[in-house]
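What TrEMBL records for B:His48, B:His279, B:Arg372, B:Ser399, B:His476, B:Asp484, B:His488, B:Arg535 is substrate binding site. Taken from TrEMBL, the feature thiamine diphosphate binding site covers B:His88, B:Gly137, B:Pro138, B:Leu139, B:Gly176, B:Asn205, B:His279, B:Phe452. Residues or ranges marked as domain 'Transketolase-like pyrimidine-binding' by TrEMBL: B:369-540. The active site, proton donor annotation in TrEMBL covers B:Glu426.
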There are 2 protein chains.
Amino acid sequence: MLNRPNDQAFGDPAVREPALDVEEAHVDMANALRALAMDAVERAKSGHPGMPMGMADVATALFTRFMKVDPSRPNWADRDRFILSAGHGSMLLYAIHHLIGYADMGIDEIKRFRQLGAVTAGHPEYGHTFGVETTTGPLGQGLTTAVGMALAERMMNARFGDEIVDHHTYVIAGDGCLMEGISHEAIDLAGHLKLGKLIVLWDDNGISIDGRTTLSTSTDQLARFRASGWDVASVDGHAYHAVVDAIAEARRSDRPSLIACRTTIGFGAPTKAGTEGAHGAPLGATEIEGARQRLGWSHPPFEIPENVRAAWLGVATRGRAAREDWETRLAASGRRAEFEARIEGELPADFDEKLTAYKRELSETRPNVASRKASEMVLGIINAATDLTLGGSADLTHSNLTLTKGLGSVAPGDYAGRYVHYGIREHAMSAVMNGLALHGGFIPYGGTFLVFSDYARGGIRLSALMGQRVVYVFTHDSIGLGEDGPTHQPVEHLAMLRATPNLHVFRPADAVETLEAWQLALHAEGTPSVLALSRQNLPTFRTEHTDENLTGYGAYVARKPKRRRDVTLLATGSEVEIAFRAADMLALRDVDAAVVSMPCWELFETQSADYRRQVLGTAPRVAVEAAARLGWDRWIGERGRFVGMNGFGASAPAPELYQHFGITPAGVVDAVCDILTCA
Amino acid sequence: MLNRPNDQAFGDPAVREPALDVEEAHVDMANALRALAMDAVERAKSGHPGMPMGMADVATALFTRFMKVDPSRPNWADRDRFILSAGHGSMLLYAIHHLIGYADMGIDEIKRFRQLGAVTAGHPEYGHTFGVETTTGPLGQGLTTAVGMALAERMMNARFGDEIVDHHTYVIAGDGCLMEGISHEAIDLAGHLKLGKLIVLWDDNGISIDGRTTLSTSTDQLARFRASGWDVASVDGHAYHAVVDAIAEARRSDRPSLIACRTTIGFGAPTKAGTEGAHGAPLGATEIEGARQRLGWSHPPFEIPENVRAAWLGVATRGRAAREDWETRLAASGRRAEFEARIEGELPADFDEKLTAYKRELSETRPNVASRKASEMVLGIINAATDLTLGGSADLTHSNLTLTKGLGSVAPGDYAGRYVHYGIREHAMSAVMNGLALHGGFIPYGGTFLVFSDYARGGIRLSALMGQRVVYVFTHDSIGLGEDGPTHQPVEHLAMLRATPNLHVFRPADAVETLEAWQLALHAEGTPSVLALSRQNLPTFRTEHTDENLTGYGAYVARKPKRRRDVTLLATGSEVEIAFRAADMLALRDVDAAVVSMPCWELFETQSADYRRQVLGTAPRVAVEAAARLGWDRWIGERGRFVGMNGFGASAPAPELYQHFGITPAGVVDAVCDILTCA
């Protein structure tokens, strides 16, 4: 039999929660996780046994001694967050959830691991399974999302105090998480902001899919984290008490902590332990049999002895007591309603009224401003009307215009502010915003140039997959940014974002549409939004006020034809002005054009077929957008024409670029006259 | 007048190249760069004066004492590479190029900074301006591309020896480059591989766009780089001799080196120096006047005194001598033809013959394999037929099947191999491959899952913008990957890649098309390629051999209708089999279907209108692809139907997922019978 995990002398971990009676039980408790993991993967004929088996001791230490969760109230606001950043080890999470009694995680679901409709998806999916705090799988996302959660905790604490908000964020991260670039952005930001309640347990097993990690990395991770202001420690990840001590020590720090847990991947497997063979495939019957012997685990698959079950249920008992204490404190605080509305993210009752009043003002004053500037003006109203919003930018504040008066900066040790300087870290910004939204209490928005949505793709996709109310303020949304040239000019990005499921991509054409887009974004509780905004000024064409949010239709007729509709010009954003001017020119040539503004394709797609037919019309259609054509054929049809970009941009003043690429009223007229007879 | 940069005692930098007589001249030489930068930005009314003014002394030290370039032969293979990773400081580069005499960089071009068609684009653009080694601007890309160049240098050195290949790669990186996540991937990989001839000069000015870098970062960069195996040093970036000494010391190291150059952004500007105000906007006439006084530079805009010009031209003189020596050594080596063919990336004369012979074999043996497996089989032939190819994977070698027999691994200090373990670093892989391709001598290909193209977007876009022959092997290309679930199942990624200009996106449907896609990718000297490959097995339908590469048409009729064409089924990759089976089912219902395989939309778009009409036909069209619809309307037209994904995937065995999402022969038949009368 394999040496049992080494019991070191038990120190005083200064754990506030009462310790479970696990002095004897912890080895079996960990082995229960190992057995469930290897057996579920075997039954599914697919999955990753190595990480759960390697990290079972660490997870047991964390949950038995520290984790504050109440499985009967998975969404309790002051629970500790546990993030399995190495999401492929999902069976570790599911096994724990099964044993501590989450209602959805019966043994039948464990047996249905990775089957259609089971809560035991291949990777943990937020919203699909109780207690899964965030969707993980793409490596590094969980770690970075956890930074957002830990930041949200400090910010909510700054607003509600220790009695109501005081919880930890624990992460299990693998070598992959620490090799991905996003991990640098995460640890730099977390260290800078002194997120002391963030504790990362690194599964330091020295193995990646290709083989030993020494094939591709030599970084001293402890030194690296230390360089970014973290506390660091290294322990034998199979030594329960050493792990307990390290976590206790980490909890005492006012800096984020990394604990390197030296483990053996696939711990217990007789021939595959310590090798990449244990990582991502079923172990096979013989290996599993051998593992049972080595671990001293004689129980049949999916059977857990009562004493082990009872020991694990202690985690739930302790959590329930903590939650009940907290409910009492919350009730006594006199701030229950305020707190709950905040956590739910409820906009104030007069929110829309204020926005609509400002919309009327915009229709009257008709500002000729860039839509990024309009966004700033609207944010001034929004940020005064609600304090749920939390601004930020990836170091382009004065370009994105995301900062409004009176929002203080979030700073190390001072979390009262409402503006995050994310640094030059687009990817982390997206994932941190996911964490802020998931935690509750904030509606995060963050800015960068539209072209750098490239760098944030990984996080944007998870915003959409998890249905989080996150707002991406992507300015400088076309060749209209001018001289910075093709590296800074988005071309394919609108298509990339429009192709992403459950993402609203707004490209407003004037100040009124910008306001409407913001209004829709803030109300879309299950959908992230992108606001693609211009650098250059745009006239206000929505000069007739409507209480109704026309952008909510996704597309609408912005200029009616005079008599008959000879052609329909479709446009978004800064090109709506071009369509209007083309319509004027066409009128001189006896062509009667309607102009349709299409600020949000996704919302237009949800309208009735009748409405869509009415907007698109039966006349030929010409679209104009300073971007790639991909996707436009749906709207212009086979007879249609597209005026836009055929390749990358160039460096020059914006007006010259529009001329150079033929994205002009005259270009639109030419396209129309190519399919119609023009006078 | 401002204190002139501090002249420290001049040590012995062990510089092999003869030093210029710059003891007295270097201050004026640096000020010439500053003046050209601030004046060009002022004239353009746009640009970034702060970095060139801050780094002028460092650049002067580098170029006067070390850089080995011959402006009369910008593409000399053994030149040092200089990478301005902080690409917004482009005027630094252009000013140097002007002064050392690149033929395209006359003073008129400096005056046309950022104007349409000028070689002085807002950011340095590869292929647009002599001596620009790579396109920079998106932060961190230059640094990481430089890692690829430094790796290529060592690998070419391993093949041709010190006499023919022996050059350095120098990088100027800013705070932004070091904050971006990709920088972690770059320095981890470079440190691991001991790329001792890579020297990074960090413009450590403490300023980012939002303000002081202390707003968002506290990382000790020296400690961070040291943790990843770099040599580090910190110098006063305005002390010429200290910089010279530090570079000389770095050149002696067998590890990559970071030199933190403490500088003042906008050095010389009376009120804006040391502030974000100097970063990204013209200084204004008054500030420029003040800078001239402080710097002691009395010359009018764009005028450089003869003695300063002469000093700078010494760089070119030294470079030309070095290049001529090298030409002599190359001629004497007896390997000139071999070396030049290699640098040009010429495939062997019998390359296509070997591939075509194997294609015939595949048509005959008709393997039923995943296209990722077919890719491995084809790579076996390719990697034996040419040693230009350089494989790799972001730690998914056994899933991507990118490693063929006999390719040794590239390892620290041992660069003879042909396979790079990129680690879990998709972004770095893309940028490093760009660097390998730009350097010359290799055709890099690298693998990951298609969904993780998200993480590599920044690098992929630059492959396309720079027109580099880089091959992305993206396997597990749909819900066909099965149990790993929605985080691992691409949906919008084909659209994202197809929307990208100058990128060929291949989704081959069987082993024969996979071979043809590889053949096209390797011949596309100015275009990167994506191969989207299946996890699941696909039958070979191309059972009739053609010498001609049908995939080169982008789309072709794979199954002719029997009598008349009632409907055309369009499909790519793994869904072509579904289309075939649907056609069989439709035949039973008296519907005569053509099946069109569309492995590469971009190539299809380049065919004649006649050919496209002939392939697409006039009958209604139904497309089937296990991906987002965006883009398909172009091919199916207004009457058409699309069978594919409407949202994210799910975790289950692949066949169940295809059923669940209705992407089946029956689903296609239903779609057809929705628009046609079926018996």
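Just so it is clear, glycine is given a Cβ too, placed from its N, Cα and C backbone atoms.
Taking the features listed in TrEMBL, we show where each one sits on the structure.
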residue	record	DSSP (3 states)
B:Pro138	thiamine diphosphate binding site	coil
B:Gly176	thiamine diphosphate binding site	helix
B:Asn205	thiamine diphosphate binding site	coil
B:His279	substrate binding site	coil
B:Arg372	substrate binding site	helix
B:Ser399	substrate binding site	helix
B:Glu426	active site, proton donor	helix
B:His476	substrate binding site	coil
B:Asp484	substrate binding site	coil
Filtered binding-site residues (B:His48, B:His476, B:His488) by Cβ distance under 8 Å to chain A; hits in sequence order, or none, are B:His488
In the chain carrying B:Ser399 (substrate binding site), residues 6 or more apart in sequence that have Cβ under 8 angstroms from it: B:Arg372, B:Gly447, B:Phe449, B:Thr475, B:His476, B:Arg535
Which binding-site residues sit within 10 Å of B:Glu426 (active site, proton donor) - Cα, from B:Leu139, B:Gly176, B:His279, B:Phe452: B:Phe452
CB within-chain contacts under 8 A for B:His279 (substrate binding site), separation at least 6: B:His48, B:Gly50, B:Met51, B:Ile207, B:Ser208, B:Ile209, B:Ile265, B:Gly266
Taking just the CA atoms, what is the gap between B:Asp484 (substrate binding site) and B:Asn205 (thiamine diphosphate binding site) in Å? 45
Mean per-residue pLDDT in the domain 'Transketolase-like pyrimidine-binding' (B:369-540) works out to 98
Compute the C-alpha separation of B:Gly176 (thiamine diphosphate binding site) from B:His488 (substrate binding site), stating it in Å without decimals. 30
Helix, strand or coil at B:Arg535 (substrate binding site) [DSSP, three-state]: coil
What three-state secondary structure does DSSP assign to B:His48 (substrate binding site)? coil
Relative to the Cβ position of B:Arg535 (substrate binding site), how many further Cβ atoms are located within 10 Å? 22
Sequence order is fine: just name those binding-site residues in B:Gly137, B:Leu139, B:Asn205, B:Phe452 with a Cα within 10 angstroms of B:His488 (substrate binding site). B:Phe452
With the thiamine diphosphate site defined by the record as B:His88, B:Gly137, B:Pro138, B:Leu139, B:Gly176, B:Asn205, B:His279, B:Phe452, how many Å span the farthest pair of C-alpha atoms? 34
For a quick check of packing: other C-beta atoms within 10 Å of the C-beta of B:His488 (substrate binding site), how many? 23
Largest separation between Cα atoms (Å) of residues that the record links to substrate, namely B:His48, B:His279, B:Arg372, B:Ser399, B:His476, B:Asp484, B:His488, B:Arg535: 48
